[in-house]
Amino acid sequence: MGTRRVLVTGCSSGIGLAVAVRLAKDELKRFKVVATMRDLERRQALERAAGETLNRTLEIRQLDACSEDSIRECVNSLPDRRVDVLVNNAGLGMIGPLECQSISAMQELFDTNFFGLARLVKEVLPDMKRHQSGHIVVMSSVMGIQGLLFNDVYSASKFAVEGFCESLAVQAMKFNIKMTLVEPGPVTTEFERKVYQEAAEMDLSGTDEETAKIFKQIYLPYSRKVFTSLGQTPEEVAEQTFELIVAKDPPFRHQTNRLYMPMTAMKHADPTGRLPIDTFYKLVFKHDRVFNAILSMMRMMTKKMGKTGG
């Protein structure tokens, strides 16, 4: 197979930037990367990270996942409109009590996280079908498998992404098109920092005192501990995404963080759904010491895995 053209969305920072750069720096030069972002004024970080690959194996283009015209214009500008690999990464985050979220903010999140994906796939899928080849790689989340406290809307958008891809994967297979859901757990990025900063400053007057207290005094400190103990770097996620793209037979689902797998495994272990909900409830509200002990153990495992190279 010759050089494959990869279209990556949401490349101004974080995972998207790291994936685009990792593919562009492939030693075997198997990829031509079209790294896109909504606002080209935010391209400096990508240009710095791309280094000498810029305008060689990596080019930067404008693409707004919330605009069909923008997507079509970007794809039309490519030679033969050819996209061999689509990496859908652009996304928004949202945490906090449901009563404090506006419906318009929820719709905006879905417009990017779910409809952004639908628009992109709708544009590139017909060409992939004609070529009888292609790979659609979608940045999902463990929250697309298992809902999490105060992540109701974000988790719902990722559940939608997972259902969309799982349904489409069967048809795609008929046309020799691969689909892969990449499911990171906590990743330490500017995206996450911004979401949590906004959460810390959030107006909680729309909810009751008890819920506000749970969010501020339990959820936010717990989340910080989880990120400290389990958080991956964007580069770690990018490396695993790279391996999935070069794989001959990539899996449909891939969780990037092995330490998080016991959390998601509970869902499949009990069809009634009680096990994960009861477990999370007890960890958050009943067994603070157990929660901290588990995180300490996981922190030690992370360090050990780092020394042994995973």
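In case you wondered, yes, glycine gets a Cβ from its N, Cα and C as well.
Taken verbatim from TrEMBL:
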- TYR154: active site, proton acceptor (ACT_SITE)
- 10-38, ASP64, LYS158: NADP(+) binding site (BINDING)
- SER141: substrate binding site (BINDING)
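Distribution of TrEMBL features across the structure.
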residue : record                       : Cβ neighbours (10 Å)
GLY10   : NADP(+) binding site         : 27
GLY14   : NADP(+) binding site         : 24
ALA18   : NADP(+) binding site         : 26
ARG22   : NADP(+) binding site         : 22
ASP26   : NADP(+) binding site         : 18
ARG30   : NADP(+) binding site         : 15
VAL34   : NADP(+) binding site         : 24
ARG38   : NADP(+) binding site         : 20
SER141  : substrate binding site       : 28
TYR154  : active site, proton acceptor : 25
